[in-house]
Amino acid sequence: MSSTEGGAKRVAEDGSEVSEAKRVGRIEGVAQLKPEYVVAGAAQLRAAESDEELTSERMVEPEGGTRKKSKKARGQNKNRDNRQAKEEHQLCPRLAQGNADACAFGAQCRYLHDVRTYLEHKTAEIECPQFTGCPVFAATGRCPMGFKCRFLSSHCNMETLELATTPEDERAKLWSVNHEVNHIASDRKLDLVKRRAPFPRSEHVLEIIDAIQQEFRDEMQGAAAAPEGAVAEVPQVQQREEQLSNKRARQRELYAQYHETRYFAQEKKPLDLHHKKIVSPLTTVGNLPFRRLMRQLGADVTYSEMALAVPLIQGTNSEWALPKAHCSELPGFGVQLACSKPWQAAKAAEALADNVGDGLSEINLNSGCPIDLLYRQGSGSALLDNPARMIRCLNAMNYVSKDVPVSVKLRTGTRDGHPIALGLCKRLVMETDVAAITLHGRTRQQRYTRSADWDYVGQVADALRSYETERAEKLKDREGKLRIQFVGNGDCNNWEDWYRHLENENVDSVMVARGALIKPWIFEEVDARQYIDKSSSERLEILRDYARFSMDHWGTDEYGIALCRRYFCEFMSFFHRYVPMGICERYPVLLNERPPNWRGRDDLETLLGSTDAADWIKLSEQFFGPTPDKFVFQPKHKSNSYAPSVQ
């Protein structure tokens, strides 16, 4: 941890301690900019940015009770609703490519079947400076949206309504470098929805875990005294007693067979994170287009947004969209899973391994998410308070995930002043077969109010290696385990931090989160070992790539463009926080430092640094055309809210 990050102290001549900030004559927590770029008459600092975990619509707690009096828009939008409206006049999806015979419903179909009627009601085509034609058609040789595309005239004869085609061999060449993977088959998903999908490995390992737990409970409670007298000769009672007796006999059999074994140990694909450039799992903003952008800019390992175990088991569409990845993410793509109980962990991991396992390098158990709703349900960082349950979840996942390695992401603890990661890591080494451990150097209670404690992260890394040596001695007569990968996480937003943290040889790599959102080219700096001052036009090109990847993923129809614009604004809520190196007196600017109000070196740079959500909307028009009146975007901070009626 750097001296500036930790607020290091120096001893003055009179023996008193002087903070590093005061020693070098700067204001602690404030970014130092060149005077000519500070906006005159605006001495106040920019509003504090919220770094709390974003909450997906999938995790919003429904509001209950009576309607409360409206309050002034302050603080965070805890229950944001950024769902976009769909077209009023919708063309039948089967006719999007022009095949009138494709719809089985015929005249009873609730969608339009007349293409010309649809085109009369369709929103006007997109006209924007960055894209003159359909970017999806240009990239893949085919536009899946067909007549619904907002760039339709670029791949359709508008007089004959004949869609353009690309030769098959050329399309195959384009597809080989630009397609998405990890799609679950529709019949498999339907089996999950109908609750008829089998989970044989999960059921077996849960039996083993239950048997070991039951034996432990019996030992703690002591043998129950035999009841006096005969069992009542009631058929139902006798049947239940017989079932319990058979179940207990089965549990004793499983306990005898497995309690002294590492039953969860399975042969896995090797997981190599050593000095890899890793992007953290990020809810909402860590979507496929962003991950694809980060791969293009040098990332080696990416993770899905956090997926919830129960909706995965139930075959929910929105949850099964999360494991999807771009082909450029392979190898090195992992799915992060949140759960509260071993049965959830086992069945979700088995479903992932069976349906998309070929496209996964690891399955990661989230034991660090601080979101209140998940914590109250026993998921995320709540598992830190129940290490035994976390271990059961990990062992169940490891047993069912075939050859896909299992990893875990932790925080230092749940409460300030009570770090538990050191002791927990010993149990993880001794009692599980995790392939990797990621430690975020903050507690749940701390959130982002102070810097990450990299001193503690280093202590845990050192202890982990000694625990591995101890385990090797204990299990010397058994097959040796691979070295557990240890990854540190927290506050890394420049190449100097990256290499400073890796000076500890026990730390395999550093995971980057906010640093990658604010400065996506951070891994280019890591490779070059120098700061790169991107111009406004270069940063606009990054946004152009993000917009193109978004349209590849969400589509170019009206609803797809609305989603692209919404997630573009979510990305801008972090991207705008970059303070250009050329306007700074001291660099780098730390994540917890707030700049004064500033102007850029040109108008575009000023626009890219705007904190106003309306400016993010304005910027999106360069890629997605004019913003429709029904577009909805609520940023996380209410003071930045944008509504069509307020221009």
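Just so you know, glycine gets a Cβ as well, placed from its N, Cα and C.
The FMN site recorded in Swiss-Prot includes P281, L282, T283, K409, H440, N489, G490, D491, A513, R514, and the single candidate from Q221, Q236, Q336, Q344 that the record places there is Q336. Here Swiss-Prot gives zinc finger for one range in the set 86-116, 303-333, 365-395, 551-581: that range is 86-116.
Scoring each of the binding-site residues (K409, R514) by how many neighbouring Cβ atoms lie within 10 Å, the top position goes to K409. Mapped onto DSSP helix, strand and coil, the zinc finger (86-116) counts 8 helix, 2 strand, 21 coil. The secondary structure of R514 (FMN binding site), as reduced to three states from DSSP, is helical. DSSP states for the zinc finger (122-158), grouped as helix (H, G, I), strand (E, B) and coil, give 13 helix, 2 strand, 22 coil.
Per-residue confidence over the zinc finger (122-158) averages out at a pLDDT of 92.
Working note on the binding-site residues T283, N489: by count of other C-beta atoms within 10 Å of each C-beta, N489 ranks first.
Within the same chain, residues at least 6 positions away in sequence whose Cβ sits under 8 Å from that of P281 (FMN binding site) are Y303, S304, E305, M306, Q336, N364, N366, K409.
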